Amino acid sequence: NGTSVEEFILLGFPGTWQSRVSLVVVFALMYTLTVIGNASIIALVWKSSNLHTPMYFFLCNLSFLEIWYTTGVVPKAIGVMLGTSQTISFSVCILQLFFLLSLGSTECFLLSVMAYDRYLAICYPLRYNSLMNSVLSLRLALSSWLGGFLSISLLAFLTSRLTFCGPDVINHFLCDIDSCLALSCSDTWPVELATFLISIIVVVSSCVVTLVSYMYIISSILRIQSVHGRKKAFSTCSAHLSVVTIWYGSTMFLYVKPSAQNSLDLNKIVNTFNTVVTPFLNPFIYTLRNKEVKLALGRAFQK
């Protein structure tokens, strides 16, 4: 009884032209600093031999992920806010959804792997090098990437099978699963079920691994007799703990919807924090709260 929608119109953020231009400037500045900051961490770890450890290998994976995570959002969001690229085809919409959700899932797995790495380093310091060797760290990183992309493949496939008869307007600056479900004129129950199950598998399981790891870490730190020893042990995981708190806080909040009417507006705010602010903050957190990185950075500037 109707033709299938082949492209969508992204509304972006409401407001005057001046307010949208101000947002564009903020987005562009934060995106530039995010790419420079995360690329600098990768280059610093690559050049500094004392940083060739599993902890910084995982950090490089996280920095590489953040660059692509924010790249999948910000350029298109800037085009939407300027009004030069407000339309997005159905295939590109599904591709963006798959790309962002896969990278988000990979980040969950990587953060849990980094928590496990800190658990081994603090709870088993004498056996750490034999337990977390280069082969295991490579396998854990590869498993995080494969797990993140494979877990979203089914969800992306089911979403691509949905039918859209109109309207074709998405109240967002990107394609997310809630917007697709709201616009679909076909049965969305399989997609909703897959979203729920994948959320349990990815977010909850990785969060549990991270929480259990930090429970053992805190318990081990409290058993250290000297104050200096406790501070030194906590300093090795404080940066990662800060990133974990920011990431899981915003990710969990993304699923808290006070009402269906304003949930999409709420999603825009939280997605902005997740895809723009968090990747921007991570390099600064790891450089400002990590003595080894600051020392390596100082030596790099001296050279």
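Here the Cβ of each residue, glycine as well, is placed from N, Cα and C on the backbone.
TrEMBL does not curate its annotations; it predicts them automatically.
Here the structure is a predicted model, which means the values were calculated and not measured.
Sequence-remote contacts of a segment are chain residues at least 6 beyond its ends whose Cβ falls under 8 Å from one of its Cβ atoms, and for the transmembrane segment (21-46) they are 13, 15, 52, 56-57, 59-60, 63-64, 66-67, 70-71, 74-75, 77-78, 81-82, 276-277, 279-280, 282-284, 286-287, 293, 296-297, 300. Per TrEMBL, transmembrane segment is recorded for 21-46 (among others).
The annotation domain 'G-protein coupled receptors family 1 profile' is assigned in TrEMBL to 37-286.
The feature transmembrane segment is assigned by TrEMBL to 58-82 (among others).
Per TrEMBL, the feature transmembrane segment maps to 88-116 (among others).
Long-range neighbours of the transmembrane segment (136-158) within the same chain, counting only residues 6 or more positions beyond its ends whose Cβ lies under 8 Å from a Cβ of the stretch, are 54, 57-58, 61, 94, 97-98, 101-110, 113, 116-117, 177, 190-191, 194-195, 198, 201-202. According to TrEMBL, the transmembrane segment annotation covers 136-158 (among others).
The transmembrane segment annotation in TrEMBL covers 193-217 (among others).
What TrEMBL records for 238-256 (among others) is transmembrane segment.
When pLDDT is averaged over the domain 'G-protein coupled receptors family 1 profile' (37-286), the result is 85.
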